[in-house]
């Protein structure tokens, strides 16, 4: 009789324990989400501390939206432009939240990324990549609503690539469930640095135009399945380094607590990315010149820094005292051609043909030689520079002198300034260091959007990286050169989005900015 009682007690205890585990798992999965009954889905974002070894410059590669059909040939998806650029280096990402995939939901931490359009997480079939063993993996056999699509795919990023195959299952966001959502089950991760990240995958919030495999993005399905009352989502990033709360993304509306005043809206100019037009960039109310007549910009929550043309970023880094590399090649162009550039500009020759007349720029099949890397490091102390580098340095110097002439500066001061700019060219790794004690004396940098100024204070554009024994300060501006017709191009990453609460208006194809609170 006592044995039977013991067995009964053990069964009750086991059932209670099982119930507790299931309840705990359910609460754990749902605790990151909050939802209201008025068509809003709010997701709290977590924040990963940046470290010096995981920060990289923004990079670009061509979009590879091809997939292996498995029957001996490769199919490509049609895109609006043949040479659409695909932006990403996910190792810069800092903000992430949670989603559930499958029935019952399996929990994953993902980056909510407006610069891409696919949802992907590691698969249980990822056995050859060591990084997969340090992240949650989707187990298809544990979901009763899973459908295997099986089409292989590969997604390329600036730092490597991931590959896997398409599957379909329910995705849980807040109290709502998006049914039959396509996603990528990753079986191989091509960049080792992913090992150190605290997020498992990516949830892209861009347009379907840039989705690999033309998969319908999660956000589109949320709209089509009636999970939101308005066709908008909004983003607030908390830049307070002390706070554990990383921010908040609201699907279907706004959180009024996180911004002040009205939003300034600007239309989306190219579907695919959330791409807009920006005007001139100012340093303490002084024009940097290049975007005076407009530049493209992509609003990208998946990039930590603010990336833009080297010509402008160098001016900004000079003004804020950022230390990059000393470019002897740039200085040699100033030494050998500076006076000729000065004389030809004074004489009224068109600036865009000066470097061609000097023989430093050549045209191949109607397009100018593009510099791939500013500095070609060699073994030993010698450094060589090819024709494309001379061309790029020449064009930057012409531009810098032209901007200074508009400000009626004297020749001696202009050449001193240009020489200093050469010294402040961004480091090849993308990092430009600052004196943390000088932050309060640095100038404001302002972007013009919809004919309105959006200033960034030094506290907003300086990135503080906590090391073991010290705090290192980095410039929030990094170089990214995209040639026409897509460029010049800016990436408005988290440095900008932390200062301005952002509304992504899918219904009216526009983006809105208001001061973050």
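Placed from the backbone N, Cα and C atoms, the Cβ positions cover glycine too.
Taken verbatim from TrEMBL:
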| type | residues | note |
| --- | --- | --- |
| DOMAIN | 95-514 | domain 'Peptidase A1' |
| ACT_SITE | 113 | active site |
| DISULFID | 126-132 | disulfide bond |
| DISULFID | 291-295 | disulfide bond |
| ACT_SITE | 300 | active site |
| DOMAIN | 325-365 | domain 'Saposin B-type' |
| DOMAIN | 387-428 | domain 'Saposin B-type' |
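Recorded features from TrEMBL, shown on the structure.
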residue : record         : Cβ neighbours (10 Å)
113     : active site    : 23
126     : disulfide bond : 23
132     : disulfide bond : 22
291     : disulfide bond : 22
295     : disulfide bond : 23
300     : active site    : 29
Quiz item: Using DSSP, how many residues of the domain 'Saposin B-type' (387-428) fall into helix, strand and coil, respectively?
Solution: 33 helix, 0 strand, 9 coil
Practice problem: Select the closest residue to residue 295 (disulfide bond) from the following recorded positions, measuring between CA atoms: 113, 126, 132. | Solution: 113
Quiz item: With DSSP, how much of the domain 'Saposin B-type' (325-365) is helix, how much strand and how much coil, in residues?
Solution: 27 helix, 2 strand, 12 coil
Self-check item: 10 Å Cα neighbourhood of residue 300 (active site): matching recorded positions from 113, 126, 132, 291
Solution: 113
Quiz prompt | Rounded Cα separation (Å) that holds between residue 132 (disulfide bond) and residue 113 (active site) | solution = 20
Practice problem: For the domain 'Peptidase A1' (95-514), provide the mean pLDDT of the predicted model. | Solution: 87
Quiz item: What is the separation, in Å, between the Cα atoms of residue 291 (disulfide bond) and residue 113 (active site)?
Solution: 26
Exercise. Fill in the CA-CA distance, residue 113 (active site) to residue 126 (disulfide bond), as an integer in Å.
Key: 23
